[in-house]
Amino acid sequence: SLSRILHPRACRGTGRTGVGGVWRMTHEHSPLLSCELAAPGGDRDNARSLNTFFGVVVPTVLSMFSIVLFLRTGFVIGHAGLLHALIMLGVAYLIISMTILSVCAISTNGAVQGGGAYFMISRSLGPEFGGSIGLMFYLANVCACGVYVLGLVEAILDTFGQEAGSSLQVLPEGYWFGVLYSSVVLLLCLLVCLVGSHLYTRASFLILLVVTVTLLSIIISMLVVRPIQMTVSHPGDTPNTTLSYNTSYTGFNMSTLKHNLRAGYALDYSTKAVMTFASVFAVMFNGCTGIMAGANMSGELKNPSVSIPRGTIIAVAYTFIIYLLVFLLVSSTCDRVLLVQDYGFFHRINVWPPLVTLGVYCSALSAAMSSLIGASRILHALSLDQLFGCFLAPASITTPAGNPWVAVLYTWALVQVSCRLIGGRCCSRAVIGCCACSVWC
């Protein structure tokens, strides 16, 4: 019926109610119905300032790389082997490709307001169905932000921790110290998101430059570094014991590639659990769940109907090529023991190891910020649709520039809780994968 199509949310522009809205068909957005606010300033064009590259490509690329590319490539290749890893990569990108094509079809068919994928789904299938999808997608982003924060803390402690630090051993370790470090990282993300999308996009672009340089250094290192013999050590199961493994970086070697072709699921030294195809895929699939990072910024895009499909397709194609290239290079140059026993092996073989550390920090931080700001936009859209009553009513409040700061605070608090309640990163990745697959499929 017409009343279901003319939903109140569509009259609210980018953050204010559409009491004086006048419905009309427009040739720009046909066949969708559009709303023109009678109140002055209802358009808030000043809030829409991002183009395709800064608003979609940059956040999507950074969200899809995150820490999975730098800290879990060895995990995937070491346990699954190259053939299974390529199957996982193909299945993951097949899933997200079908989702992207659906998003492209919806986003190019009419006006897109804030809320990204949730807005498009709710206006196509109805607010009730869209609300359930939006809630699942929101929870996936909250858990993803927690994963990236914990991954960044892990990387920092691997370098500067008093027990596990490989460089300056200055940071105390322990549960409550981990809470402190993750809270500090989240506070930094919160401050950036509270300022607004302008600061976020500038920071993301600088981070993308660092990540790109890091990727180039990794690829160049695999081409120029000579074979290296090395020893990897881990704490034993009993106190004051150490397990040591002799391994090597072989450089391009056909026997190394043949040895890494088939699966060899073994014990994960970080969780002490035996890996399976499903558990490894859950970790790898987490690197593909950032495809909506650009769509979530729809309220800040100058032309979302053009930027969302074009930018998302470019970002996904770019990340697929990078993942495929890195998988092939790692499988051809690194001994399997190295891949299984040291997930941060890129530091060992890089021409300048600190650059890899910087790339890990930057990618994890940017992915956390992207998930936080994207989730807040979804929550803001849910609050405007009034699907959850007065509980989410404050989340509809925005700054004069249109930044939903209350929704950012809501999301920040939930991420703090998720970091404490979710037992480990592998568990949280499974939660993210389930939520994402439920939304996309």
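Here the Cβ of each residue, glycine as well, is placed from N, Cα and C on the backbone.
Taken from TrEMBL, the feature transmembrane segment covers 53-71 (among others).
The domain 'Amino acid permease/ SLC12A' annotation in TrEMBL covers 55-418.
What TrEMBL records for 83-112 (among others) is transmembrane segment.
As annotated by TrEMBL, transmembrane segment applies to 133-155 (among others). With a cut-off of 8 Å between Cβ atoms, the residues of this chain six or more beyond the transmembrane segment (133-155) that come close are 66-67, 71, 115, 117-118, 121-122, 178, 181-182, 185-186, 189, 286, 289-290, 292, 296, 344, 357, 360-361, 364-365, 367-368, 371-372, 374-375, 378-379, 381-382, 411, 414-415, 418-419, 422, 425, 428-429, 431-432, 435-436, 438-439.
Positions annotated as transmembrane segment by TrEMBL: 175-196 (among others). Residues 145, 149-150, 152-153, 156-157, 203, 365, 368-369, 372-373, 376, 399, 401, 403, 405, 408-409, 412, 415-416, 419-420 of the same chain sit 6 or more residues outside the transmembrane segment (175-196) yet have a Cβ under 8 Å from a Cβ within it.
The transmembrane segment annotation in TrEMBL covers 203-225 (among others).
Residues or ranges marked as transmembrane segment by TrEMBL: 273-293 (among others). Within the chain, the transmembrane segment (273-293) has long-range Cβ neighbours (under 8 A, six or more residues past its boundaries) at 56, 59-60, 62-66, 68-69, 72, 75-76, 79-80, 84-85, 88-89, 91-93, 95-96, 99-100, 103, 116-117, 137, 140, 144, 147, 263, 265-267, 312, 315-316, 323, 367, 370-371, 374, 426, 429-430, 432-433, 436.
Beyond the ends of the transmembrane segment (313-331), by six or more residues, the same chain brings 56-57, 60-61, 64-65, 69, 73-74, 76-77, 81-82, 85-86, 89, 93, 96-97, 100, 104, 215, 218-219, 222, 256-257, 260-261, 287, 291, 294, 339 to within a C-beta distance below 8 angstroms of the stretch. Annotated transmembrane segment per TrEMBL: 313-331 (among others), in sequence order.
Long-range contacts of the transmembrane segment (351-373) within its own chain (CB-CB distance under 8 A, at least 6 residues past either end) are made by residues 59, 62-63, 65-67, 69-71, 141-142, 144-145, 148-149, 151-152, 155-156, 159, 185-186, 188-190, 192-193, 197, 200, 203-204, 207-208, 210-211, 213-215, 217-218, 220-221, 224-225, 290, 293, 296-297, 344, 408, 411-412, 415. The transmembrane segment annotation in TrEMBL covers 351-373 (among others).
Within its own chain, the transmembrane segment (203-225) is flanked in space by residues 54, 58-59, 61-62, 65, 69-70, 192, 249, 251, 322, 325-326, 329-330, 333, 346, 349-352, 355-356, 358-359, 362-363, 365-366, 369-370, which lie at least six positions past its ends and keep a Cβ under 8 Å from the stretch.
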